[in-house]
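*Asks:* Handing you a structure now.
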Amino acid sequence: MTEPTSSDLPPAPEVAREVFGERLADASRYAELLAEVGVKRGLIGPREVPRLWERHLLNCAVLSEVVPEGVTVCDVGSGAGLPGIPLALVRPDLRITLLEPLLRRTTFLQEAVELLGLDHVSVVRGRAEEVLGSLPPVHVVTARAVAPLDRLAGWGVPLLRPYGEMLALKGDTAEEELKAARAALQKLGVVESSVLRVGKGLVEQPATVVRAEVGESPGGVRFAAKRAKAARTGRSRGVRRRR
Ligand SMILES: C[S@@+](CC[C@H](N)C(=O)[O-])C[C@H]1O[C@@H](n2cnc3c(N)ncnc32)[C@H](O)[C@@H]1O
């Protein structure tokens with residue numbers, strides 16, 4: 001059996017017009033970039049090409065339904081830009097940071113951001129647990145396929161502002177992961193958590209999202225102290241802004 005190639009990228013489905021509106025041409029450009037450059041550089045598997053629209057672009061863009069108006073967002077472990085770039089295409093009101101430790105991925109992200117003219121998006125190279133104190137705290141952390149929920153929360157929740165929220169795209173394991181992570185979430189200052197289905201009745205593959213909302217001390221007391229210290233001394237490791 002031969003591997004799919006970029007020519008196996010299907011045309012945008014009808015629903016993409018509804019989801020991406022006037023940014024549909026840019027969404028198609030991003031899909032082509034993933035199918036060609038993304039596959040060539042090993043950022044996305046060739047088998048994903050035929051399902052790029054349904055499983056990746058649309059499934060990520062519908063996250064928009066649960067992101068509040070005009071907030072700051074950090075997409076932790078953005079990889080080739082998922083969910084951050086589809087979200088940015090449909091939500092020019094947000095300010096989005098794509099956080100990713102690997103250079104070849106941040107290089108791709110920067111190219112995509114420039115190609116698509118996403119002026120409200122910046123790319124930062126670093127690991128979530130190492131940028132604390134050097135990135136301004138955000139209202140919303142997003143993540144997909146980065147780590148099990150309890151570990152992801154340990155990285156993502158401390159990046160939040162008080163009363164912010166983490167939105168983790170999780171698929172079928174969402175309920176189970178949330179149950180297993182409840183105690184860890186509580187320690188990190190999460191005051192409310194739930195599993196949401198977004199994009200239902202709109203896209204073929206709705207997204208299953210764990211939403212974890214923090215109180216006034218995101219990351220818990222230990223992180224509040226660490227962040228305050230990092231802000232005072234201006235010291236933190238592993239951060240490189242790319243724009
Ligand atoms: C499986 S990929 C998923 C990429 C993208 N979110 C997606 O859904 O296609 C996981 C990504 O998380 C990044 N990552 C792993 N550990 C991380 C950390 N501690 N902080 C930030 N990113 C991390 C990896 O470099 C990788 O790009």
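Keep in mind that glycine also has a Cβ here, set from the backbone N, Cα and C atoms.
Any TrEMBL annotation is an automated prediction that lacks curation.
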*Asks:* Which one of Arg55, Arg95, Arg144 goes with Gly77, Leu82, Ala128, Glu129 at the S-adenosyl-L-methionine site, as TrEMBL has it?
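*Replies:* S-adenosyl-L-methionine site check in TrEMBL: besides Gly77, Leu82, Ala128, Glu129, the record includes Arg144 out of Arg55, Arg95, Arg144.
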*Asks:* Using all protein chains in view, find how many other C-beta atoms are within 10 Å of the C-beta of Gly77 (S-adenosyl-L-methionine binding site).
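*Replies:* That number is 23.
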*Asks:* Non-local Cβ contacts of Glu129 (S-adenosyl-L-methionine binding site) (under 8 Å, 6 or more apart, same chain)?
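*Replies:* In sequence order, the residues whose Cβ lies under 8 Å from that of Glu129 (S-adenosyl-L-methionine binding site) (at least 6 apart) are Gly154, Trp155, Pro158.
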*Asks:* Over all shown protein chains, what is the count of other CB atoms within 10 A of the CB belonging to Ala128 (S-adenosyl-L-methionine binding site)?
*Replies:* 25
